[in-house]
Amino acid sequence: LDWWQADRYCEQRFAQLLFEPQDSEQDSFSKLLQSHHIRGSVWLKERNSVMHKTKRRWGHTVPVLVFRDKTDTKYVKVLSDFPALPAVTACAHLQWDTRTQEIATIFSYAVPAFINEFQLRGFVDEEGFVRFALIVHGHHSPYLPVFHADGQWHHFCVTWQQENGTWAIYADGKRRASASGLCSVGPSAPQAIFGQGTFIIGQDQDSLGGTFRAKESFSGNITDLHIWQKVLGAEQIEKVRSCWVVEQDLVYEWSSNALEVESTVQAVTTQLLCPGAVEECRVLEVGSRGFSYASCLQTLPFICRYSKDAYRQLKRAQLESSHSLGSRVNTLAVRTVIPDSIFTSDVQDMNLSVALDALDVLATVLREGEMPMLEPSDLLAVLQLLKRVSDIEVQEGDELEMLEQLGQNYIEITELILEEQNIGTWSSISQVIRGPMAVVELCDRMVSLLVPLLTAERTKITIQHGNVGLHRVTVKNMWFGYSSLQRCLSGTGTSAVSQDMAASDRGQKYLSTTVGTAVISSTLLSDYQEISTSVRYRLQHRVQVPPRAVFSLVLLHVSPDAGGMWSTAGCSVMMSLPDSTACFCNHTTNFAILLQVYEMQQRTTKEEFTLQTLTFIGCGVSFCALIVTFILFLVVRVPKSERTTVHKNLIFALAAGEALLMFSELAKTNQVLCFMVTAFLHLFFMAAFSWMLVEGLLLWSKVVAVNMSEDRRMKFYYVTGWGLPVLIVGVTLATSFNKYVAANHCWLNVQTNVIWAFVGPVLFILAVNTFVLLRVVMVTVASARRRSKMLTPNSSLENQVGTQIWATAKPILVLLPVLGLTWVCGVLVHLSIVWAYVFIVLNSLQGLYIFLVYAIYNSEVRNAIQRMKDKKKA
């Protein structure tokens, strides 16, 4: 067989094409081959190579015709006697001149009876595509896009046949356009293309062999033109594209000796790099013990290799089989659908009709459920059949309804073999099929067969049965329900990961690792070929976490080749919520979320309620105290100063923030309202901290001389206190609008970097204010020491120590609330619930603290009140 067929043959029998032997194995290997009378070359599979990737390409040296510009003189005549052509295929390599968008004639074939007998024309459209149109007996097909006008070499083929006027245009091995009815009606309908005509490359013949016009001439390069008097199939066209000449029914083979080249047309020799099927595959030369490469399309001997453990499991399954499933299916189908032996080669080739009948019968037998659990041999036989079906080629003319029904049956069978009662069977063939991820890979291959179902009118396909389904648009998506794969995968594929990750359990007791979501697959197709792309997706959690446990998320992609092994390469968690996880991967493959469960001291419902109650009460008391303080500053006419102005702004920002915080829970149900509450909370709390920073800067200006006028200082303070918060909130909204709000409450999203738009500035302000407080304490203590020595030089040591302690404690007690240093406790909240209580009590009562220190015990306020009393008496 050729390399691709050999590789598929082995795979369908749960084996692998023989790997390149190690140096130590070569002698015994050569003896083994010779004992079976194998000579010459044998196919090998290279280790660590990816299937269907190009190893090497052939260089194909050919003469090229260069048509530099559009003229009415340049032409090339093919010197060949053409017979009558009831069917025709013409193929060539082409390099299009992208400088012009006018119509160009690639070739024209004329006979005395009809000038436009057979012709190919094209032009570049506004979107940069080269469009081709085929002319037969003067009948014109529409101009349809075939390849990009990128200045590169492209291979094209055009086909036409007399029956039904069926025609097609291929480019770079893919069929780009096809239809029927081109010259299939009218008086010329029964006629083939006439023979004994004149074939001209590069010009449109307005008379036999002449009368050319420059505006319809071809500009570019052309080579490797071949013409057949039959319609080539897709596989043959792929061979021709790959520089293989199909000899049968060849009318004209490209050769410079069979061309009449006009003197201004340049003929040069170049080397084409042959793509696709001319890929070379590894072979072993049995006699010489050497390795080399041969075209993958050659037919050579090959050997299928089994690991010993896999082979033993297969033999055991074969010997212990009762053949109940196979006999029932074969009886219903009235033919051999499931062979007696897993190793058999006597299996009928699959086509769409045979495959549909086989799966229909198999689904019926499995659906009836008379066998509570599949035997290992039954499961292997079903997988073998699924492999063969996924390898069929959909032929032109196949009924699309049959194809869709085939997809339905395939997915139903997949679901039935993944049911819970078959878990033990999967385990018993673990060396042959390493986990149920093999089914994911088979379904992925099956999805590609459904491509012909997509049309301009029908842009998507959805097929689902139970927990297994597929969805095909431009992106090929599949999902395997949580219940289908969770038990098998959790029992096998996660063990290695669990051990590695449990080592870094963050001080918490590791409980378990489990597959927590469905397994999904995503592949992006362009022209039916896979291309690499990144993907974002969200997976719903499907696992119950114990009441006093927490889970960590490990995003993984699953490799079916490794039987369901897990890897985090190229993937990251974007957002994690209790019920779902949003992820990003820089590649497409199979994905799932692995949940690691840890035991932790989680807050109980009672503790949460207590904390919420304390917060509401504390915020209420604080808000009332701040409002009273603010009113006092306005009503009692405290002498205007920098300090009172800064106090007023700080009190207003804190009061507004705490009022919003108390009622923020009510806004959770309205998305827009919650967003607005979050933005204003961010603004007012950021403003409160900014004015706390201003308090620190004001203190610093009193302790250390600052050379700035009072007016300039106040402008700077207002810019810092209100301008900075507006700037931070504005920039955050502009850069992270969609990730701004948390999922479960009206506050910044802590799962993303948005939270740092609050935490970052707050930590900076706390650091600055801590430094200012230390400086103030040092100055106050030094001043108190000097005053003590001057006023009471002979005081006792005990009195001096007391004076020093009070000198230290007084500025700390007075300045803590306005400098915001109680918020440092927030850093310690995650360590213990005790710190959570301390944090809530200190910060909830911040407003009350400010009221007591800056209103009740403030000498300026008390003096102003006393003046008001005296004035009233007078």
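Any Cβ shown, glycine's included, is placed from N, Cα and C.
All TrEMBL annotations are machine predictions without curation.
Annotated in TrEMBL:
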type: DOMAIN; residues: 61-274; note: domain 'Pentraxin (PTX)'
type: DOMAIN; residues: 445-601; note: domain 'GAIN-B'
type: DOMAIN; residues: 611-858; note: domain 'G-protein coupled receptors family 2 profile 2'
type: TRANSMEM; residues: 614-638; note: transmembrane segment
type: TRANSMEM; residues: 650-667; note: transmembrane segment
type: TRANSMEM; residues: 679-704; note: transmembrane segment
type: TRANSMEM; residues: 716-735; note: transmembrane segment
type: TRANSMEM; residues: 755-784; note: transmembrane segment
type: TRANSMEM; residues: 805-829; note: transmembrane segment
type: TRANSMEM; residues: 835-857; note: transmembrane segment
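Residues 644, 647-648, 651-652, 654-655, 658-659, 661-662, 837, 840-841, 843-848, 850-852, 854-855, 860-861, 864-865, 868 of the same chain, all 6+ positions outside the transmembrane segment (614-638), place their C-beta atoms under 8 angstroms from a C-beta of that stretch.
Averaged across the domain 'GAIN-B' (445-601), pLDDT in this predicted model comes to 63. Against the transmembrane segment (755-784), stretch 679-704 shows more Cβ pairs under 8 Å than any other of 650-667, 679-704, 835-857. Note on the transmembrane segment (679-704): residues 642-643, 646, 649-650, 653-654, 656-657, 660-661, 664, 713, 717, 720-722, 724-726, 728-729, 732-733, 740, 746-748, 757-758, 761-762, 765, 768-769, 772-773, 775-776, 779, 815, 818-820 of its chain, located 6 or more positions outside it, place their CB under 8 angstroms from a CB of the stretch.
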